[in-house]
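Take a look at the structure below.
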Amino acid sequence: MASHILLVGIGGFCGAIVRYFFSRKLNSGKLPVGTLTVNLSGAFLLGAMAGANLSTTTTLLLGTGFLGAFTTFSTLKLEMAQLQLKKEHRLFILYTTITYGGGIALAYLGYWLGSFFR
């Protein structure tokens with residue numbers, strides 16, 4: 001059990017740092033491209049991991065840990081609320097559509113591609 005917690009912690013530490021860099025580099029305009037990038041790529045990678053049926057150790061380190069901290073639901077919701085409050089309705093709809101539609105599509109694509117590595 002302690003080794004599982006350590007794996008999740010190490011992965012989470014690394015994932016959070018990588019997400020921080022994406023946000024700092026890409027979230028400079030009206031549309032939060034950094035958050036969009038980490039959430040879409042995270043959906044794809046987690047789908048690929050699930051499709052590949054990786055070991056528990058790898059899943060804890062990379063899936064639960066790294067990708068759990070790399071992707072962000074709370075920041076997404078905050079940014080969506082901010083777009084609405086700033087009356088950026090078109091950007092809100094675009095951001096929401098790309099995030100949810102793209103996330104589901106990329107998770108499915110990742111799962112399908114990952115299944116070739118079983």
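Quick reminder: no glycine exception, Cβ is built from N, Cα and C everywhere.
The Cβ of Thr71 (Na(+) binding site) lies under 8 Å from the Cβ of Arg19, Val38, Asn39, Gly42, Ala43, Leu46, each of which sits 6+ residues away along the same chain. Taken from Swiss-Prot, the feature Na(+) binding site covers Gly68, Thr71.
Annotation source Swiss-Prot lists transmembrane segment at 2-22 (among others).
Taken from Swiss-Prot, the feature transmembrane segment covers 31-51 (among others), and the record attributes it to sequence analysis.
Here Swiss-Prot flags 56-76 (among others) as transmembrane segment, drawing on sequence analysis.
Annotated transmembrane segment per Swiss-Prot: 91-111 (among others), in sequence order. Counting only same-chain residues 6+ beyond the ends of the transmembrane segment (91-111), those with a CB under 8 A from a CB of the stretch are 30-32, 36, 39-41, 43-51, 76, 79-80, 83-84.
With a cut-off of 8 Å between Cβ atoms, the residues of this chain six or more beyond the transmembrane segment (2-22) that come close are 34-35, 37-38, 56-57, 60-62, 64-72.
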